Protein chains: 4
Amino acid sequence: MLLNLDDYRRAARRQLPRVIFDFIDGGADAEDCVRRNIEDLGKVTLLPRQLRDVSSVDTSVSLFGHSWKSPVALAPTGFNGLLRPGADIVLARAADQMGTPFILSTASNVPLEQIARQANGIRWLQLYIMGGRRIAEQLIRRARNLDYSALVLTVDVAVGGHRERDVRNGMTMPFKPSLRTMLDFGLHPSWALRFMGKGPPKFANLEDPDQGSHSAELAVALGNRQMDRSMAWDNLAWLREHWDGPLLLKGILHPDDARRAVGEGVDGLIVSNHGGRQLDVVPSTIQALPGVLDAVAKAIPVLVDGGFRRGGDIAKALAMGAKAVLVGRPALWGLAVAGEAGVRNVLETFNEELSRTMALLGATQVEELSANYLNNIQK
Amino acid sequence: MLLNLDDYRRAARRQLPRVIFDFIDGGADAEDCVRRNIEDLGKVTLLPRQLRDVSSVDTSVSLFGHSWKSPVALAPTGFNGLLRPGADIVLARAADQMGTPFILSTASNVPLEQIARQANGIRWLQLYIMGGRRIAEQLIRRARNLDYSALVLTVDVAVGGHRERDVRNGMTMPFKPSLRTMLDFGLHPSWALRFMGKGPPKFANLEDPDQGSHSAELAVALGNRQMDRSMAWDNLAWLREHWDGPLLLKGILHPDDARRAVGEGVDGLIVSNHGGRQLDVVPSTIQALPGVLDAVAKAIPVLVDGGFRRGGDIAKALAMGAKAVLVGRPALWGLAVAGEAGVRNVLETFNEELSRTMALLGATQVEELSANYLNNIQK
Amino acid sequence: MLLNLDDYRRAARRQLPRVIFDFIDGGADAEDCVRRNIEDLGKVTLLPRQLRDVSSVDTSVSLFGHSWKSPVALAPTGFNGLLRPGADIVLARAADQMGTPFILSTASNVPLEQIARQANGIRWLQLYIMGGRRIAEQLIRRARNLDYSALVLTVDVAVGGHRERDVRNGMTMPFKPSLRTMLDFGLHPSWALRFMGKGPPKFANLEDPDQGSHSAELAVALGNRQMDRSMAWDNLAWLREHWDGPLLLKGILHPDDARRAVGEGVDGLIVSNHGGRQLDVVPSTIQALPGVLDAVAKAIPVLVDGGFRRGGDIAKALAMGAKAVLVGRPALWGLAVAGEAGVRNVLETFNEELSRTMALLGATQVEELSANYLNNIQK
Amino acid sequence: MLLNLDDYRRAARRQLPRVIFDFIDGGADAEDCVRRNIEDLGKVTLLPRQLRDVSSVDTSVSLFGHSWKSPVALAPTGFNGLLRPGADIVLARAADQMGTPFILSTASNVPLEQIARQANGIRWLQLYIMGGRRIAEQLIRRARNLDYSALVLTVDVAVGGHRERDVRNGMTMPFKPSLRTMLDFGLHPSWALRFMGKGPPKFANLEDPDQGSHSAELAVALGNRQMDRSMAWDNLAWLREHWDGPLLLKGILHPDDARRAVGEGVDGLIVSNHGGRQLDVVPSTIQALPGVLDAVAKAIPVLVDGGFRRGGDIAKALAMGAKAVLVGRPALWGLAVAGEAGVRNVLETFNEELSRTMALLGATQVEELSANYLNNIQK
C-alpha cells in the first residue's frame, strides 16, 4: 500500500534495475550528507496552536509571479530518461495537473520545446554552465521564447561529486554495463520493455535547434557533470544580459554567499546540498537554512530542498521561514512506480500531509506558519 | 510474569488480533512522536533526598474537588468496545476501585447513563465537538444530570491524524476487514468469542436518549475523527453556557495557548499530543511541559499524558510541576490481558512504582515532588 | 583470556546459575540507571600531560587514617554467600592482600568476628538500620571491638528497589526456586558442589553473639531489604553516641544532602545509586558527582561507585575530585570465576589500568589528578 | 572495487593474517578512542562558498622548508616489516612519488641508511627515547648525516598502551604464535610466501652502524614499547644539542602542553592520540584540536592525525586551522593490498577527495580553508 513516500521508495527499488535505483538514491562519498538531511529534519518539532477555525486550509502560495497550489516544486533532476522514455514530459504534465512548478534540468532528455508543447503549467529552466557560453545563451533564449518563467542556476557543481554507487555500478558516461547489470535489466522487464526499439536517452537540450548538431563530447561531459569550473559571481552579469526574468541560485548554504547573491540582484535562493550528491561534508539543509534566512529572508524568497519526505517536513521548513520546498527523489519514485499517476500521487501525498499538518497546527494559510510554531525548548 | 507495563503490552499483543492491537498501539504518520514521548521521558532524571522519614508515603492528591488515591487518571480512549463488549464499564469500575478518575470518551461504546449506574467513582466526560452543537449540548446535559464532575474538551482533533497502521489494516470506518484480518480474528478465539451473538460496538453516546435515534453518518464521522473544524476559542463561551463545572482542555502544547486558556477561564489543562496519534511533528509532552508550566502553572492545574509507562515517569512529571498524569494505552493493555483485574493491576503497578519511587526520593506527599528534585546538571 | 572486567563478567555468567548471576547483575525497574552508569562514564574524557617524568607511579592514597595501595575499595555487597560458602572471607582476604579496604555488609553471610580473625587489612562495616536500634547498636559495638575502622551507613534503602530479574527468577526471600532454576543449578556443578553438605547462606550478623539467637523474620526482612523507613537525619546523633570513628554516608546524590551531611558532622560521602539497584530514575553517579563535589569537596572526602569497569574510569572520577572509587560487581565476578585469586586479579587489573593511565596522563601521584585534566571542550 | 579507504581496510583484512591485521587495526583497552576519532570527525560539517573560479585547485603546502604536494604525510608506524619484507622502503618510495613526507619510525625494520638510498623524497625521523641516551644520539646523528629534514619526538608513550587484541593474539615481544595463528598464516599464503627464506623483521635502527652490535633486550623493549619513562620537558635541551633542524612533538592534546612546547622552542606539534593505541580515555583528536590551536596556532604549525579516512576529513581539520594531516593505518592497508602501488593509490584517493572537496568548497589553495567554512550553527 503506497501510503507514504517511504512506501514509494521501496516500490521504486523493486521496479527499477539496481543501477538505475542507485543512480537516483545515492549520494557523494560516504553518503553522510544524505543521512543528515533525513535525520536532522526528524529532530525539528513544532508546537501546534489549538482552537482556531481551520474549516478551510489553503496550501497555495504566490511566488515569482505565479500562484502555486502548494509550496512544493519539482526539483530539477537530470537524466530522467533512464527511468522511462519521455520521463521529463511525464513529470511536467503531472506537475502541471497538480499546480506545481516543474523545473526542467539542463540534463533533461526531452527538449524545452516539447515540454512547452505538452505541459501548460509553471515551467522553470535549471541551468548548468558548461561547454562555453554559447550553449547557455541558446538555452536561455529558447526558454525565454517558450515562456519558461524563471531561471535556476545550479551553483554547487564546480566539479562532479563522487557517487561511489554509480562507479561501482558502471553508471558513468559513457555507460559501461557489466554482465550483472545486463542480467538485472532482464529481471526488470516492465522497465526494460519501455525502451524497446528506442535508443538510450540523449541530452536533448544540448542539440542546437537551429543547426541540429549534437556534440558527443558535450554529452559525456554533462553526464559526468564536468561543468565550467570558472563560473563565478562576476559571470552573473553576463547571465543577466540574456535573462531579465526571475533568477534563482540553487546550492547556496553559506550566509555570506546568500548576502552576496542579494547584492548581485538575484531574485531567490534555493538552500540545497544537491540531495547529498555533491559534497559530503556539508550540513543538512534544514540545519543550514536558519543561517541563510537570517542573512537574506527579508530581501528575497528562500526555498529549500534535501530529504523532504513528509508534509510535516515541509511545514517545518515553512515555519522556519522558507517559502517553498523542492522535491526530487520522491517524484522519481512516483514516476518509476506508476508514471504520471505516480508522480501526481506523490505530490498529492505531500499536499494531503501538509494540509492535515497545517489544520492540526491551527494554520489555514501557508503564511501563518512562522517562528511562533518553533519549539524553542529544543534549541 | 506481568511485572511492568511493557510486560502488559507484550501480553496484549498476543491476546489481540493485530488490527486491534495496532489500533491501540499506533500513531500518526511515521510515529516519530510516539517514540519521542517514550524516549524523552527516559532522559529526565531526578536527584533523591535521603534520610527523611518515609514510614508512610501518601500518593493521594486533591484535584478539581475530589480526592484521588494517586495522581493518575484513566485517559479517555475511544472505541474501547473493540477490545471486548462493555469495555468502558470495565474500565470505569476498575478506576472506581482504584480511586482513579475515569474519563469517558465521546467515542465510547457504552452510554453515559450505564457508566453512571455501574461505577461510583470520579467520572469525567471527554467531549468531541462534531455533527453540530446539539449533540454536544445533549451530552453535556446528560453528564451534568449524571454527576459527571468535569468536562474535558479535546482540542487537538481539528482533523483526524493519519494512522497508517489502521489504513493498512483496513481499520477505518466503515470497517473493511481483509481475509487476513478475518483469519487473524479466528486465531484469537479468546477475543473473538466474547463478541459471539453481539453486534459490533456502536458509538452509544451519539444516540439521542430522548428520541432513540441513531445517525449512521455521525458514527462514521466519529470513527474517522471528522470533527467540527471550526471549533475555536470563541466557542468556549457557548460551552460555558451549558457547563459550569470544571472545564479542562486536552491537547495544549503551546505556552501561548495555555495563557489564552487561562484568560478564557478554563479550569485545567492536559498537556497532550494525543499519544502521538494526531500530529507527528510535535515534541514529546515531557519536553513541551515546562513551557506550559512556566506560562500557567501558578494559575491552574496542568496535567500531562503521553508515554508514561513507569511510576518513575509520573514522579518526573510531578517534580516538573504537573499535578497528575493520564494513562491510556497501559489501561487498555490491562483490559485486553485480564479485564477488570488487568486494569486494576496496571493501575496498582503504577501506584506501587510511584510509591516506591517517592519513598526512595524522600517524599511522603505528592506535593513534595518539586523542582528541587530535578537534576539540573542534565539541562 | 581474562584481560579486562568485561571478560570477567562473561566468565562469571558462564560459571553461575542464571538466578545468581542476575542477582548480581540486575538493577531496579527498567535498569536504565545501570546503563547510565556505564554509558556516562564512557563520555568523560581526559587530556593527558606529556613529557613528565613518570618513572615511578604511585597509586596509593591515604584516607580515613589508613594508607590504601590504590584509590579503590571493595563495595559492600550483601548475600555474597550465594556465590560460594564463605565468600565474605574470600573477599576480605583478597582485599587485604591488595591493600584495599573491605567493607563488610550488614547482609553478609559471615560474622564480623570471623572476618576479623581471617583478614588483617582495612575493614569497614556497612550498616543497614532495620529491626530496631538494638541490632545496629550491637553491630557497631562488635565492629568497634574488632577494630573495624569506619562505619558506612547506606542511606538509599528506605524501601527495597524492585529488581524485576530477581522476581522473575524467584530470587526473593524466602527463596522459591522453580524447576527451571533447580535444573540450572544442576547445569552448574562447579558452583553447586561447593554447597554440598552445607545449608543455605544465613545472615550471620543478625545473630546476637551474646545470646546466639537468630530471628527468622529479620532475615526475611533483610533479604527483601525491608529497612527502617523512618531513619532520618535526626537519628545520626544516636549513631554517633555509639560510634566515634569515621562515619560515611553511602547513597548521597543531591548536593543539598551533601551539605546537610557535612553540617551533621559526617566524615565522608559515597556518591552512589546502589549500582542502579534501588531507584531507576536517578542520574549516573559520574553525572551527579560534580554537584556533590561543588557542595562539599572542600570539607570532607567524597568517594563514588557505580559502573566503574576500567582503571581509566577511576582516573576520570579522581580528576573530577573524588578521593576513591568503590567496586562491587567486578569483585564478585572475580570471586565467581576464580575465588580469592579471581578477586585479586580483578583488583590487580584495576590497579594496572589505573597505573598505566596515570603514567600516560603524566601523573605520578593520585593527588595530581585534578580538574586540569578534564576535557573542557566536551562540556 | 577500491574506491575509498574503507574498501582498502576490508581488502587488507582479507589479505592479512588476523594477528597482523589486528596489530594495525586495534587500539588500547576498550578501543573507545579509536571509535571517537572516526565518529567525531563525522560530526564536523563545512559550509561551502559557491561561484568562485576553481579552474585550478592546488593542494600543495609549504611546511618546514619543503613543498608538499598535499597537506598529508605518512604517519610513523612501527614494525611495518610484519606486513611484508622491506615495507618501510615501499612506504618511503610511494611517499616520495606522491610528494608526501615519509616519517621513519624508530621501530622501523629497515635502517635509515637504506631508506635514504632508495627514496629521495621528504624524510623525517620519528624518535622514541629508550635504552639510554646514546641510542637516540646515534639515531639523530645518522638522520642528520642522511638529510632527514625533521625530527618527530613521540611524547605519548611513557608506557605502552594495553592493546588487548594483541595480547589475545599472542602478538607480544617475543612473539608467541598459537597453533591458531600458525594456521591463519597458512591460510594467507600471499602474505606468508613473501617471508620465505627470510627471518622475522628486526628493529634495524637499534643496531649500531659503527659497531654492528645488536641488543636483543632492546628489541624486546621496543617491541613492547618500554620507553624511557623519565623523559621530560627538561630533556628537550639535550635533544637540541644534537639536532638543530625542525623538531616536532607528536602526541600533544593539552593546550598547556602546547604552550609549554612553544616556550621550549619546539617547531611544530602533532595533535595525536596515537590512533587510540595508547590511552583510551582521551578525546578524539578533532575534538582536542581547537584547544591546541587556540593556544599556539599563531606561533607554530599544528598537524593532526587519528581517524582520517576521507579527503573531506582533511578539509575539516584544515578549516579548523591544522596545517596538515598524518595518515597511518590507511597507508598500511594500501601496502597490504597492493604494495607500493597500493600506498600510492591510497594517497591518491586522499588527494583526489581533498581536491574535489576544495573545489566544491570554493577553495583553490589550502590556505583558503579557514574558520569561515566552519558550520557555526552546529557548535
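The first residue you see is number 1, and the count goes up from there.
Keep in mind that glycine also has a Cβ here, set from the backbone N, Cα and C atoms.
These features come from TrEMBL:
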ACT_SITE  D:HIS274  active site, proton acceptor
BINDING   D:76-78, D:SER105, D:GLN126, D:THR154, D:LYS250, D:SER272, D:305-309, D:328-329  FMN binding site
BINDING   D:TYR128, D:ARG163, D:HIS274, D:ARG277  glyoxylate binding site
DOMAIN    D:1-379  domain 'FMN hydroxy acid dehydrogenase'
Cβ contacts of D:ARG309 (FMN binding site) (under 8 Å, same chain, 6 or more positions away): D:ASN4, D:LEU5, D:ASP6, D:ILE38, D:LEU41, D:PRO330
Minimum Cα separation from D:ASP305 (FMN binding site), reported as the residue among recorded positions D:TYR128, D:ARG163, D:HIS274, D:ARG277 that achieves it: D:HIS274
Most crowded position, judged by CB atoms within 10 A, among D:PRO76, D:GLY78, D:GLY307 as binding-site residues: D:PRO76
Minimum Cα separation from D:ARG163 (glyoxylate binding site), reported as the residue among recorded positions D:GLY78, D:GLN126, D:LYS250, D:HIS274, D:ARG329 that achieves it: D:HIS274
Pairwise Cα distance for D:GLN126 (FMN binding site)/D:ARG277 (glyoxylate binding site) [Å, integer]: 17
Binding residues D:TYR128, D:ARG163, D:HIS274, D:ARG277 (glyoxylate) - maximum C-alpha distance in whole Å: 19
Residue with minimal Cβ packing [other Cβ atoms within 10 Å] among the binding-site residues D:ARG163, D:LYS250: D:ARG163
Structural state of D:HIS274 (active site, proton acceptor), classified by DSSP into three states: helix
Of D:GLY78, D:TYR128, D:LYS250, D:ARG329, i.e. the binding-site residues, those within 10 Å of the residue listed as 'active site, proton acceptor' when Cα atoms are compared: D:LYS250
Mean predicted confidence [pLDDT] for the domain 'FMN hydroxy acid dehydrogenase' (D:1-379): 94
Lowest local Cβ density among D:ARG277, D:ARG329, which the record lists as binding-site residues, within 10 Å: D:ARG329
Neighbourhood of D:TYR128 (glyoxylate binding site) by C-beta distance under 8 A, where only residues 6 or more apart in the same chain count: D:THR106, D:ALA107, D:THR154, D:VAL157, D:LEU222, D:ARG225, D:MET227
